[in-house]
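Residues or ranges marked as domain 'P-type ATPase N-terminal' by TrEMBL: B:56-120. Feature annotation from TrEMBL assigns transmembrane segment to B:315-338, B:361-385, B:922-940, B:960-979, B:1000-1023, B:1043-1060, B:1072-1091, B:1103-1132. Look at TrEMBL and you will find B:Asp434 tagged as active site, 4-aspartylphosphate intermediate. Per TrEMBL, Mg(2+) binding site is recorded for B:Asp434, B:Thr436, B:Asp865, B:Asp869. Per TrEMBL, the feature domain 'P-type ATPase C-terminal' maps to B:891-1141.
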Amino acid sequence: MMNSTSASPAAPISVSGDGTDARRNSKRPKYSRFTQQELPACKPILTPQWVISIFTLVGIIFVPIGVAALLASHDVVEIVDRYETDCIPGNDRIGYIQNPTTNKTCIRFLKVPKDMDKPVYVYYQLDNFYQNHRRYVKSRNDQQLRDKSKANETSGCDPEKTTANGVPIVPCGLIAWSLFNDTYNFTINNGKALTINKKDISWKSDRNHKFGSDVFPKNFQNGALIGGGKLDPKIPLSEQEDLIVWMRTAALPTFRKLYGRIEVDLKENDTITVVLENNYNTYSFGGKKKLVLSTTSWLGGKNDFLGIAYLSIGGVCFFLATLFTVVYLLKPRKLGDPSYLSWNNNRLMQ
Amino acid sequence: MSMHWDRFRASTVRLGGNGSASLRGTSFGDGGLRHTSSQTVRLGRVQPQHPSHRTIFCNDREANQPVRFKGNSVSTTKYNIFTFLPKGLFEQFRRVANLYFLMISILSTTPISPVHPITNVVPLSLVLLVSLVKEAFEDWKRLQNDMSINNTPVDVLQDQKWETVPWKKLQVGDIVKVKHDAFFPADLLFLASTNPDGVCYIETSNLDGETNLKIRKALERTWDYLLPEKASELKGEIQCEQPNNSLYTFTGNLIIDKQTIPLSPNQLLLRGCSLRNTEYIVGAIIFTGHETKVMMNSMNVPSKRSTLERKLDKLILALFGGLFFMCLVGAIGSGIFINRKYFYLGLSGHVEDQFNPSNRFVVTILTMFTLITLYSTIIPISLYVSIEMIKFIQCAQFINKDLHMYHAESNTPALARTSNLNEELGQVEYIFSDKTGTLTRNLMEFFKCSIGGEMYGTGITEIERGIAQRNGMKIDETTSATAVQEKGFNFDDPRLMRGAWRNEHDPEICKEFFRCLAVCHTVLPEGDASSDKITYQAASPDEAALVTAAKNFGFFFYRRTPTSIMVREANIEKMGSVQDVTYEILNVLEFNSTRKRQSVVCRYPNGRLVLYCKGADTVIYERLVDGNNDIKKLTREHLEQFGSSGLRTLCLAYRELTTEIYEKWNEKFIQAKSSLRDREKKLDEVAELIEKDLILIGCTAIEDKLQDGVPLCIETLSRAGIKLWVLTGDKMETAINIAYACNLINNAMKQFIVSSETDPIREAEDRGDPVEIARVIKDSVKQYLERYLEEAQQFLRSPYGTKLALVIDGKCLMYALDPALRVSLLKLSLNCSSVVCCRVSPLQKAQVTSLVKKGARKITLSIGDGANDVSMIQAAHVGVGISGLEGMQAVMASDFAIAQFRFLTDLLLVHGRWSYLRLCKVITYFFYKNLTFTLTQFWFTFQTGFSGQRYYDDWFQSLYNVIFTALPVIIVGLFDKDVSASISKRYPELYKAGIRNTFFTWKVVAIWAFFSIYQSLIIYYFTVAASPNGHNSSGKVFGLWDVSTMSFTCIVVTVNLRLLMACNSITRWHHVSVWGSILAWFLFIFIYSGIMTPRDRQENEYFVIYVLMSTFYFYLSLWLIPVVALLGDFLYQGVQRFMFPYDYEIVQEIHRDDPEESRRQLLEVGHHLSPDEARSYAIARLPRETSKHTGFAFDSPGFESFFASQAGVFAPHKPWDVIRRASIKSKHRTAKS
């Protein structure tokens, strides 16, 4: 019926007959709440009381959550050590880092500011590293990582698809190729070595489903340009947890990735000696490198953001509630006062 | 049998001035057929005529075979099974949004695109699918309609028998039999009829909206071919014109037994008409199927787009601007960013152009395209299809099924014929209304009278009731026992009825009054001479009402001969006596618009000679004899009183004549009557000689019965800020009168009258020089307009707020619409709260409409019922046809059809207003949700080195518009109600928001955009800032896809909740859809991230949601982010409502404690009060202001002889035409019985 503009005008129209017929022919629409638009509905009216109470309610809920989150975050002890500038001698940083023969060992001393309960997580943090660049993100092939038989599947892996002589690289693509390869070794106080547990640093789902247990690295880092870490061709990908962590690409150009866990408690004023291999080139693009040791609370690692957000929003809500109350008390508007209707206003003005 | 005589007048107006009418002489000379001149009316475009003619062999299928005439089956469908897909798709891609997405989809198959093609292909194909299904459904309904028409049975002659076959089987040349009340299956040559004289009666309301019956007459030569045996002998040959779309012309010859007989339109029965008052007819088929005149006329009504949608286009354009800006920023950024130093991007060696740092310009250009595909979601692809669905349901379920717009008497529900214009109904500022049939019922009723200075009649008009109600007066609800209910008579006063007038203080003058009514007229009685069976045939319904009144007063006029009138008078000698009196009618001095009166000279049986005269108060008072000033004064007061109540008045007077005076005068009269030159003028002059020294009897008041509830509706509409213009073909007096009756004009208003009935113009017209006439009228119109405009300015500046009204007649309007004067006309009329245009042609109606539409850029609505309103209906933004009683033509051209004028209140104030509010909400919300979504993506771009990396998974993006946020907005488009229907009507002023377009201005859009930016910032930066440490994740960290899934979850929740915040009323469907959408997202992500598909694609999303849900990060963020995002809107809404409330919000507050009303009870009581019940409320006389308006509006239409008009000959109105017509009818009646 809609838009039918040329319906035939010659349609025969049934002639309405007697009473019973007429009832049958009645075009009276049936009553239904839907067609008469009378569905039962709640009609909330945003009165100042409602505004004030909702603001107050949000405040009441948010402030405690904020406090709790902030406290939890403060419980977390975090040691952050930026080392990429100190661990490099001389000015030719890029030449130094790209030279495979130079000794890149660097020793850092960290002081434990507070007791750190186990497990202590070891992270590395990179800066100005665009793991979320479009060219980078897509440069991988999940089929190949998962399935041994699909080693030749290298679509999307440009430009790290194959070696110079055309053999497919496993794992292919820029992400794997640029694998982070600084290493850290820890000793505590008097030279007692701290073992780092590098198991279970990746999400289980990644290990079990995205990286095949029968897929082994092949032709990896054999090209002219070495992007980063090498992989032991004897260990299946599902156990190469550094790679798995690395390949869960970060959302932002500044990111942390889990390196391992120290599974002993650290005491206040303990000194940790870190012997690190500063292999990874962040100097080309001026990226920072940081080593992070952190405990966790019930909420997780150190992050004040959520706590502050909750707390300040709660505070703002309280403030707004108060402000509204004051305005409401000083200059109330009677609800449903017809004189506020625009047509009544006009009359007053005239 | 109610004959709408007034329609004849209307039809002449139509014929004279229809826009598509052309006057031309037809000379189809092959059979010596002569047409002096013929008027052609076409409803649609003029179609080129085939040069030659067609030859048809009657009753001989074999002979017709070689010519291959078209079959009789019709098809109005747009598609068939093969053309559906290509044609339907083509139609769809004519929409810019669809074409845009097609291009984006193509673009996204290239490597430039950051997104998989499905991102754009899925929504596009869903949108196309929905649209195509809708098209298919509509076409299917058309097909079914066609099939039912094509399969209507009809009798066709085969082997000397009538065989019943479906319409579609008919062929040119077949002989068919059409029975009483049936429709003609094709254009037929009328051969024979069961009526004597070979006539039949047809109703053409489907063609032209005229409900009066028309007579067709078969050729004498073919009268006998009635029975099958005889008809089968007919072997004739018809030569006639080729199919064309001219409804009122036809030329051809019937060659029968080597004898050539010319054919005329009188022998043509058109498809679409139906047979009335005739048992059956026999005809030969001339044109079939699509070649019939009515089908040739079926026009495609130009499809209208609503103003809101046109504004929407601008919004879309602005979005394109925004898109371009965003892409430009991103593209320039990418050109700057790209650098070989990011070794991990593998930019050394061979790099594709898009990332090649050596050519940053190319990088910029290509990234531009990348970002266009990435940000394509900013254009809401599903917006158009959602709007279409919403509007479709609004029409089909709400408007068509509204019980408040169902008219029980005519069994007609409202009908939305197009679904494009619902929200336009919420913004109408000007209504152009036809009068007859729309505002009035074209039913005249004797309502009140004043006799010898005494006022009689206890009825009260609608307008009086309105005044009384406004003054807080109670209306008595008593019905008198003496009340008589009869068509044309709605009068009650115990002082006059049943002979009670004998006891009045001056029964003699009462007697004169009644005799004047019974004698002075040109009415013909029809049927038995008993008071309940007789019907009166009158050239105007006023006259019939007056004669009916005389009958009810005991002066029953029952027979007319050319020289006498017979009246059965009761209660003359004594109460209860009845006697038949024959009055000899010596002369009839006719009514015309200059004389404004009508007189009859009659001789009583006892020889008394009296001249009875009735006419306008102005002309009668001039001719009254001196003295009797009391009666004159009182009567004048009564006239004014009647006039201001919207009644049509006539003064009655008489004059005793002596034989000498009469004889002397009669000589002159006969002389004048027989003169050959200037007969009319001479007759008028002679009449002047005798129509003087009259004695005033009194006056009558006739109610031009309004449709139910018209004054109330008009008042409501005017409170809603809608201005009503009445455009009518009637005379100025009638039009003003109706304006009074509808409360459009009252005495408190300043009236500006631009009339061509002034002496200078008349003089010019008498001189007859067309150029001079034009100059004179133009000058005077110009003067009028200038003067009035000046006055209007003064009135507007004055502090009293006097309302202004403009009355203009068609002749003046013609010149006022001239480009030179158009501006002042527009200026003046826009300052007036009501405008009445009288004597306007259909074309002028359309011109006035488009003057306001285009000149003032206001939204206009035209409402009418007849074919003469078609042009106006099509010219306005919204066309409304009155359905039910009248013909189809107006309805066929309209966008909405309602049964009663008063339903406009519901249509505009309820449906229109709601649709407008809903559509505004839907559009702005669509804009908001897509902008918010796209902006998060945009913020992300800044942190990806402007590479165009997508933030969201392809499927998220593609399903965002079509699943996760689609349904709630449709629900809002259907169910959102700010205030209930009854409150909408109680506070019509709420409608003004639509006229001012309060809810879809750039300001509103800007506010939404502002909060959209705010929310997108919150959602993006909060999720990102909270993510670096996976909370409770045993030290593990999140990747890109975890964060983006988190963002997306927040967006879905926020956007859906935001919709809930925008709702005025929340039904359970709101809950179902909003929570359902959020749930759908979770269901989707649970399944989607839970499975690994073997297809070659990245498994970014694998297990993401489970990983997320295992951390506190998810819950804390999900709780924080939507609340913070919505807090801004909430604060804004709270402040806005508190400080600057909208009107509807105040009304909501006023009625916040009202119980949930069901309109059902209201329906039963308030709505079915029949007008007659309502009328029976009696009330004492109301105090009134005296007025100058006395309400003379007697209509004696320029009645044309039926046969004369058939032949295309212009014939002025003569009373004997009525007699002739009536005699034909009575003959037909006797023949039947």
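Glycine is no exception: its Cβ is also placed from the backbone N, Cα and C atoms.
Where the annotation comes from TrEMBL, it is an automatic prediction and has not been curated.
These numbers come from a predicted model, not from an experiment.
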Which of B:960-979, B:1000-1023, B:1043-1060, B:1072-1091, B:1103-1132 contacts the transmembrane segment (B:361-385) most, counting Cβ pairs under 8 Å: B:960-979
Secondary structure at B:Thr436 (Mg(2+) binding site), reduced by DSSP to three states: strand
Euclidean distance between Cα atoms of B:Asp865 (Mg(2+) binding site) and B:Asp434 (active site, 4-aspartylphosphate intermediate), Å: 7
Helix, strand and coil counts within the domain 'P-type ATPase N-terminal' (B:56-120) (DSSP): 32 helix, 2 strand, 31 coil
Surrounding CB atoms that lie within 10 Å of the CB of B:Thr436 (Mg(2+) binding site), all protein chains: 24
The transmembrane segment (B:1072-1091) versus listed stretches B:315-338, B:922-940, B:960-979, B:1000-1023: most Cβ pairs under 8 Å: B:960-979
Count of other CB atoms lying within 10 Å of the CB belonging to B:Asp869 (Mg(2+) binding site): 33
Among B:Asp434, B:Asp865, the most crowded of the recorded positions [Cβ within 10 Å]: B:Asp865
For the transmembrane segment (B:922-940), sequence-distant contacts whose Cβ falls under 8 Å of one of its Cβ atoms, 6 or more beyond its ends: 308, 312, 315, 319, 322, 326, 330, 374-375, 377-380, 382-383, 386-387, 390, 949-952, 960-961, 965, 969-970, 972-973, 999-1000, 1004-1005, 1008-1009, 1011-1013, 1015-1017, 1019-1021, 1047, 1051, 1054-1055, 1058-1059, 1062
Arithmetic mean of per-residue pLDDT over the domain 'P-type ATPase C-terminal' (B:891-1141): 89
